[in-house]
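J.: Okay, handing you the structure first.
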Amino acid sequence: MTFNRKIKIAPSILAADFADFGAECRAIEAQGCDWVHVDVMDGHFVPNITFGPATCAAIRPHIKGVMDVHLMIAPVDPYIEAFAAAGADVISAHLEAGPHIHRTLQAIRGAGCKAGLAINPGTPVEALDYLLDMVDLVCVMTVNPGFGGQKFIHSQVSKVAKLRAMIGDRPVHIEIDGGVTADTAPLVAAAGADVLVAGSAVFKGGSVANSAPYGANIRAIRAAAEAAL
Ligand code: DX5
Ligand code: ZN
């Protein structure tokens, strides 16, 4: 993974066919996505359950590029090794998931992965003041985590701009997760985001058997974001 600030589209397989993750990952990559975003939920940190490290390991061979694993679980630390062994390139943990995020970020890098730090809509960017040198990515949640298909929370756009200024020259990605569409992508791209996660907006209208709409959706989000730069 070489660092750059070009717009990257990361479809969330939360909106894919859960019975066919391998084919769905191959389809979105063939249709031009940059990263594959994998949402892990535990029914405890968030009110929904998806899957764990075994599923991540199973889909890994079907992803050529970056596997971006978003952990919405608490606790995080006991599972880091398992997600690293499953082949995650990026592991993001939530600031709100426990009292020792500093240790968690050290452990993620220690496991050989890029360290991501995700923050909920109610969490201020100032909470990141002493963490920015330990992270490779900050994931700004633009919905409350737990479900796909929710409405983008507009108050988060100014948070992204503040975060971009705080990051300065550090090689830290800003990822946006939740409610990203061709309408909201320009707002966050202009504010400084470079990784755009999109679930429903990428998978809508398509399927493994008919994946051309995935490509059209990816291109529409990317074009709208790039036009805002
Ligand atoms: C929400 C997940 C997101 C979600 C995005 O908890 O972290 O990745 O799947 O879905 P959309 O793009 O539909 O809001
Ligand atoms: Zn996510």
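Including glycine, each Cβ sits where the backbone N, Cα and C put it.
Annotations in TrEMBL come from automatic prediction, not curation.
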J.: Figure out which of His62, His70, His154 sits with His37, Asp39, Asp177 in the divalent metal cation site per TrEMBL.
T.: His70
J.: Return one of helix, strand or coil for Gly146 (substrate binding site), based on DSSP.
T.: coil
J.: Using Cβ-Cβ distances, find the residues under 8 Å from Gly148 (substrate binding site) that belong to the same chain and are at least 6 apart in sequence, listing them in sequence order.
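T.: Listed in sequence order: Ser12, Leu14, Ala15, Asp39, Gly199, Ser200.
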J.: Inside 8 A of the center formed by the CB atoms of Ser12, His70, Gly146, Phe147, Gly148, Gly149, Asp177, Gly178, Gly179, Gly199, Ser200, which other residues of the chain have their CB, for the recorded substrate site?
T.: Leu14, Ala15, Asp39, Val143, Pro145, Gln150, Val197
J.: Which site among Gly146, Gly179 has the most other CB atoms no more than 10 Å from its CB, taking these as binding-site residues?
T.: Gly179
J.: Applying a 10 Å Cβ distance cut-off over all chains shown, what neighbour count does Ser200 (substrate binding site) have?
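T.: Around Ser200 (substrate binding site), other Cβ atoms within 10 Å: 17.
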